[in-house]
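*Asks:* Mind looking over this structure? Questions follow.
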Amino acid sequence: MVGSEVLEECGEKISKKESKKRAAKLEKLLRKQEREEATSSSLSLEEEDESCSSNYGDVTTNELQSAVEGKELTDVSNLVEEIVGSEVSIRGRLHKNRLVGTKLFVILRESGFTVQCVVEETRVGANMIKFVKQLSRESVVELIGVVSHPKKPLTGTTQQVEIHVRKMYCLSRSLPNLPLVVEDAARSESDIEKSGKDGKQAARVLQDTRLNNRVLDIRTPANQAIFRIQCQVQIAFREYLQSKGFLEIHTPKLIAGSSEGGSAVFRLDYKGQPACLAQSPQLHKQMAICGDMRRVFEVGPVFRAEDSFTHRHLCEFVGLDVEMEIRMHYSEIMDLVGELFPFIFTKIEERCPKELESVRKQYPFQSLKFLPQTLRLTFAEGIQMLKEAGEEVDPLGDLNTESERKLGQLVLEKYKTEFYMLHRYPSAVRPFYTMPYENDSNYSNSFDVFIRGEEIMSGAQRIHDPELLEKRARECGIDVKTISTYIDAFRYGAPPHGGFGVGLERVVMLLCALNNIRKTSLFPRDSQRLTP
């Protein structure tokens, strides 16, 4: 056809105009199909998110009040390679999270142990990612997922497996703005110093901030470990003493007058009568021995109205107290101490390796050096060592903090031990009920025990003669009437006896070489702190 271009398609001749018309129609049809597919895909995603909506969310109070049949939670500490492939349910705090592409990496923390959890959008939907992403740090969550091998070794968690999350629920939301971040509170001093050198100064959480917000502070791995170690010290203490025939007792903490006749007591009104909080179970321990209990111990609170605001003084602490009948000589008490504490130290090493490692990560320290046979020096020998080192000390006075530290260094250098005993102390620096040394009344049948150059306990043989006891009480300025029931206990016959007392917090502080006793007191009470 002249003036007209003819095309052939499938044997049919069509004009160019008709071809364009058909192409436009086809393109319109394709666009319609794309729109339908997009709509279908969108509906599919909505349906998917709708179907996944039961896999995440906040748990209601009613749900928390109801029992869940067959529910079993796995501790984060038990998430190990041996259970890779298993589906587990775990609970913990949201330590932190990080979004990388379509994957949300969540670090979950439980009692100082951490695990990486992976939430993938392709598996759980965008809405679940959004839900998890907006949860604030320290919120309590539960999740269900499969234990898997990570693609690369993990360095930011305690567990070397990861959880591929299927479901996650929030049991309790934390406030978004925290007074301290647990991650900051868990940072070691060396890491803080290193960050400064690298030009990225990390936050340092100060002691008062920690103690004012103790409920957050004790969530750090090191603090979790410290109080687990403390628990094991008590267990080992009880275990050893019970194996030696000791009976655990509980003495009153409300008493008339003053505990040991000292001024450092918390006085109070007791129904119109003057009273105080016991600064020692000493008197009642002795009365128990007079009641033929022979060997007793107590784990309980002790109150001291200390004015000292130092790294090692508290106004309330846990006392580990022992009293025992003496069969032959007061050295029997020292023999007991010399066996008891190495037993405790050994048990802690055996039972708390993970906890000790957690403490070391934040507060590096070397294991305590002690001898199989506990070193025992006289007070005079200790004074002589200090004098030979050029220290000026009173031969009949008590050792101050600096003298204790110096003597600890000298003992470590000479005897290769950080745990030792110093006995036969001057009578002038001992309580009124301490038995004088038979060969020289300037000294007494008493001793102190030291760890890493600091005194942790005092012990002695007690005076069991009522006349001598009255005499010593008057010499110390004590009103005998206020302790008459105590003295009367010895008028009915009393066996020779003695004992010792030690602060649990101080033992743990020195065992872990910590620089402040407040780190080993759950909610410390000192001369300036009564809360939280």
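For all residues, glycine too, the Cβ spot is worked out from N, Cα and C.
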*Asks:* Determine which of Glu350, Glu355, Glu357, Glu455 appears in Swiss-Prot for the same ATP site as Arg304, Ala305, Glu306, Arg312, His313, Leu314, Gly503, Leu504, Glu505, Arg506.
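*Replies:* That ATP site, as Swiss-Prot gives it, pairs Arg304, Ala305, Glu306, Arg312, His313, Leu314, Gly503, Leu504, Glu505, Arg506 with Glu455.
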*Asks:* Which residue range, 70-73, 186-189, 282-285, 458-461, is the one Swiss-Prot calls region 'Aspartate'?
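*Replies:* That would be 282-285, the stretch labelled region 'Aspartate' in Swiss-Prot.
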*Asks:* According to DSSP, does Arg304 (L-aspartate binding site) sit in a helix, a strand, or coil?
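*Replies:* SS state of Arg304 (L-aspartate binding site) = coil.
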*Asks:* Among the binding-site residues Arg304, Glu306, Glu455, Ser458, point out the residue whose Cβ has the most other Cβ atoms within 10 Å, with all shown protein chains included in the count.
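*Replies:* Checking each of Arg304, Glu306, Glu455, Ser458, the winner is Arg304.
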*Asks:* Compare the C-alpha of Arg304 (L-aspartate binding site) with the C-alpha of each of the binding-site residues His313, Glu455, Arg506, and give the closest one.
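*Replies:* Nearest listed residue in space: His313.
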*Asks:* In angstrom units, rounded to an integer, how far apart are the Cα atoms of Glu455 (ATP binding site) and Arg462 (L-aspartate binding site)?
*Replies:* 20
*Asks:* Taking only same-chain residues 6+ apart in sequence, whose CB is under 8 Å from that of His313 (ATP binding site), what do you get?
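*Replies:* For His313 (ATP binding site), the qualifying residues are Arg304, Glu306, Ile517, Asp526, Ser527.
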*Asks:* Sort His313 (ATP binding site) into helix, strand or coil using the DSSP assignment.
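*Replies:* It is coil.
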*Asks:* According to DSSP, does Leu504 (ATP binding site) sit in a helix, a strand, or coil?
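*Replies:* Looking at the DSSP assignment, Leu504 (ATP binding site) belongs to a helix.
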*Asks:* Tally of helix, strand and coil residues over the region 'Aspartate' (282-285) according to DSSP?
*Replies:* 4 helix, 0 strand, 0 coil
